[in-house]
Structure formats: C-alpha cells, structure tokens
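Taken straight from TrEMBL:
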BINDING   Gly108, Ser109, Gly110, Lys111, Gly112, Thr113, Arg221, Lys264  ATP binding site
BINDING   Arg134, Lys155, Ile156, Val157, Gly182, Phe183, Pro184, Arg185, Arg225, Arg236  ribonucleoside 5'-phosphate binding site
BINDING   Asn189  CMP binding site
Amino acid sequence: MDATCGVRKKKGRELPFKIASPNSSATPYFFWAINKSDARYRPLRITFPPYFCLRYFSSFFFYLQQFRKTKPSYQTSMGTVVDSSNQGAGSLPTNKKVSVIFVLGGPGSGKGTQCANIVENFGYTHLSAGDLLRAEIKSGSENGTMISNMIKEGKIVPSEVTIKLLQRAIQENGNDKFLIDGFPRNEENRAAFESVTGIEPEFVLFFDCPEEEMERRLLGRNQGREDDNIDTIRKRFKVFLESSLPVIEYYNSKGKVRKIDAAKPVGEVFEAVKAVFAPTVEKVAA
Ligand SMILES: Nc1ncnc2c1ncn2[C@@H]1O[C@H](COP(=O)(O)OP(=O)(O)OP(=O)(O)O)[C@@H](O)[C@H]1O
Ligand SMILES: Nc1ccn([C@@H]2O[C@H](COP(=O)(O)O)[C@@H](O)[C@H]2O)c(=O)n1
C-alpha cells in the first residue's frame with residue numbers, strides 16, 4: 001500500500017483518507033486535494049469519492065445562486081435604484097428607473113417652499129432629506145438619538161443612513177420623477193449616493209440667498225424645529241459654506257447647476273424656477 005491512512009476532522013465530522021504518493025499511478029489527479037497548511041496531506045487522495053463530488057458540486061451551485069442574487073444594477077440615462085434591503089422580498093419594485101433633480105441652497109433659502117410649487121406644477125415628488133431624518137427620529141428608530149444629536153448640532157448625518165431613507169422613499173413611491181431637497185450635503189453624500197444608486201441628477205437647482213436673509217427667514221419660520229435657533233443656525237451656515245458649496249461647485253463644473261436668485265419674494269423666485277423647468281417638460285411632451 002502506497003498510502004498512509006488516517007482520519008481528517010472536518011466540520012466536526014471525521015472523514016477517512018489516505019495519503020498517496022504523488023507518483024502513484026493508482027491515484028487519479030482528480031482526487032488530489034491540496035491542504036495549504038500541512039504539506040504531509042499533499043497530495044491527498046480522498047477515499048470517499050461521493051462525498052467529494054457532492055461537496056464540490058453543491059459549492060458550485062451555491063456560488064451560482066449568490067452571483068444571481070447580487071446582480072449589479074447598470075446605470076442608465078435615468079438612473080436605477082436597487083433596494084438592497086428588499087432583494088427577493090417581492091413587495092416593492094426593484095431596479096426602478098428614476099429621474100432626479102437635486103435641490104440645494106443654504107438653510108432657509110426657500111428650497112422647501114419652492115419644491116411645493118414645483119410638485120404642484122410639474123408633477124414631481126418632493127423628498128426632503130431633512131424631513132426624512134426627522135421622521136426617522138419620530139419613528140423610534142435605533143438611529144433616532146444619533147440623528148437628533150447631529151441635527152441639533154447642525155452636523156451632517158452619515159450618508160449610509162440618509163441614503164437608505166431616500167432609497168426607501170423612492171422605491172415606495174409610484175412616481176419616477178423626484179426632487180431631492182437638501183441632499184447631497186457634502187462630498188461623501190454625493191459620492192456614496194452615486195455609487196449606491198447609480199443615479200446622476202438631471203440637474204441641480206441652486207437657491208442662492210444672502211446669509212442675513214436666510215437668518216431672518218429661519219428665525220421667523222416658527223415650525224418648532226429644534227435647529228431654528230441662532231446658535232444652530234450659525235453652525236448650519238458654516239457647514240453649508242465648508243461642505244455643501246463644494247458639492248454645488250462640483251456640479252457647476254459639469255454644467256449641471258441652474259442658479260436661482262432666492263432673495264426675491266416667493267412668487268418671483270417661482271417665475272425663475274418655472275423658466276428652468278418649462279423647457280424640460282416641453283421637451284419630454286414633444
Ligand atoms: N422668497 C421668500 N421670501 C420670504 N420668505 C420666504 C421665501 N421663501 C421661503 N420663505 C420663508 O422662509 C422660511 C424658510 O423657507 P423654507 O423652509 O422653504 O427654506 P429651506 O431652504 O427649505 O430651509 P431648510 O434648509 O432649513 O429646511 C419659511 O418660513 C418660508 O415661508
Ligand atoms: N443630507 C442631509 C440633510 C439634512 N441633514 C441634517 O438635517 C438637518 C436639517 O436639514 P434641512 O434640509 O431640513 O434644513 C441638517 O442641518 C442636518 O443636520 C443631514 O445630515 N444630511
């Protein structure tokens with residue numbers, strides 16, 4: 001006999017084996033297995049071929065199944081949202097193609113006010129990142145305390161949290177045209193959203209407003225928001241200048257920014273907004 005007999009422990013079970021000489025013509029190459037950690041087991045002739053075949057065939061089908069489950073989404077001209085938390089659940093559509101406009105501007109520049117007008121006139125769905133975060137706090141989510149503390153400090157919540165909320169809101173909505181208000185707030189938001197969803201905005205609507213006017217509006221907003229106090233407002237302005245403006249500059253360099261003078265009265269601001277949307281809508285209708 002050219003082999004050493006023994007017992008190999010695998011997942012708590014004991015498997016018999018024989019160690020064969022590599023030169024042995026009686027050892028089919030197919031049944032050699034390489035054990036990297038112990039040269040004594042090299043080559044290893046498994047004396048239980050049905051076990052060997054079953055194990056490797058089942059691995060093959062397992063990997064095939066995993067590959068099918070993690071099929072990537074491909075970016076289209078509109079963008080595709082894959083709801084990773086919903087894969088295989090079947091209750092929500094997956095790989096939904098959507099058109100997105102980012103609505104950016106300083107705190108109190110009038111983003112929410114104008115989004116309401118755009119929804120009414122142009123059939124978009126308004127998703128405010130801030131509103132989604134506030135709703136998440138109210139829902140009693142495990143992230144609630146963290147989000148609440150970040151908002152009180154005027155800080156930007158980790159992208160992973162905000163993107164999940166946006167993705168879910170997009171998936172659950174029947175519309176395919178979205179205004180995403182107050183997002184992306186920093187470079188991390190921007191890059192993460194693009195890589196997770198594959199969505200690039202059609203364009204970015206930027207409400208440009210002087211700080212004194214925004215401060216006046218926020219202090220008069222009276223909606224009971226915990227961050228509408230002078231200390232937090234100042235922190236939010238700082239974050240806007242340091243983290244959000246560079247995102248607007250990034251999109252500007254790609255020719256995607258539509259800048260609106262937001263210091264004017266609401267009606268006049270909306271006239272300027274309409275001029276941005278009307279050609280887009282006409283083009284779609286033609
Ligand atoms: N053009 C405007 N002129 C005067 N007041 C305005 C104008 N636009 C909005 N406002 C008022 O300013 C306040 C802030 O507006 P809004 O909530 O739309 O801003 P926002 O950019 O969405 O703010 P935030 O980023 O803090 O959510 C509101 O009370 C709103 O009624
Ligand atoms: N992408 C975002 C958007 C908002 N936040 C936090 O919410 C606060 C309020 O946002 P509004 O747009 O409603 O003004 C904001 O100051 C941030 O703390 C965020 O983290 N990420």
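Keep in mind that glycine also has a Cβ here, set from the backbone N, Cα and C atoms.
What TrEMBL annotates, mapped onto the structure for a quick look.
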residue	record	Cβ contacts under 8 Å, 6 or more apart
Gly108	ATP binding site	Cys209, Glu213, Met214, Glu215, Arg217, Leu218, Arg221, Ile233
Ser109	ATP binding site	Phe207, Asp208, Cys209, Met214, Ala262
Gly110	ATP binding site	Phe207, Cys209, Arg217, Ala262, Val266, Val269
Lys111	ATP binding site	Val103, Leu104, Gly105, Ser128, Asp181, Gly182, Phe207
Gly112	ATP binding site	His126, Ser128, Asp181
Ile156	ribonucleoside 5'-phosphate binding site	Met150, Arg185, Asn186, Glu188, Asn189, Val239, Ser243
Arg225	ribonucleoside 5'-phosphate binding site	none
Lys264	ATP binding site	Ala272
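Pro184 (ribonucleoside 5'-phosphate binding site) falls outside any helix or strand according to DSSP and counts as coil.
The distance from the Cα of Thr113 (ATP binding site) to the Cα of Arg134 (ribonucleoside 5'-phosphate binding site) comes to 18 Å.
The highest number of surrounding Cβ atoms within 10 Å, among the binding-site residues Thr113, Asn189, is found at Asn189. Ranked by Cβ neighbours within 10 A across all protein chains shown, the binding-site residues Gly182, Pro184 are led by Pro184. Contact annotation for binding-site residues (Gly108, Gly110, Lys111, Ile156, Arg221, Arg225) versus ligand 1: Gly108, Gly110, Lys111, Arg221, each with CB under 6 Å from a ligand atom. Those residues noted as binding ribonucleoside 5'-phosphate (Arg134, Lys155, Ile156, Val157, Gly182, Phe183, Pro184, Arg185, Arg225, Arg236) have their most widely separated CA atoms at a distance of 21 Å.
Most Cβ neighbours within 10 Å, among the binding-site residues Arg134, Arg221: Arg134 holds that distinction in the structure as shown. Gly108 (ATP binding site) carries neither a helix nor a strand DSSP state and counts as coil.
A Cβ distance below 6 Å to any atom of ligand 2 is met, among the binding-site residues Ile156, Gly182, Arg225, by Ile156, Gly182. Classification of Ile156 (ribonucleoside 5'-phosphate binding site) by DSSP places it in coil, neither helical nor stranded. In the three-state DSSP classification, Arg225 (ribonucleoside 5'-phosphate binding site) falls within coil.
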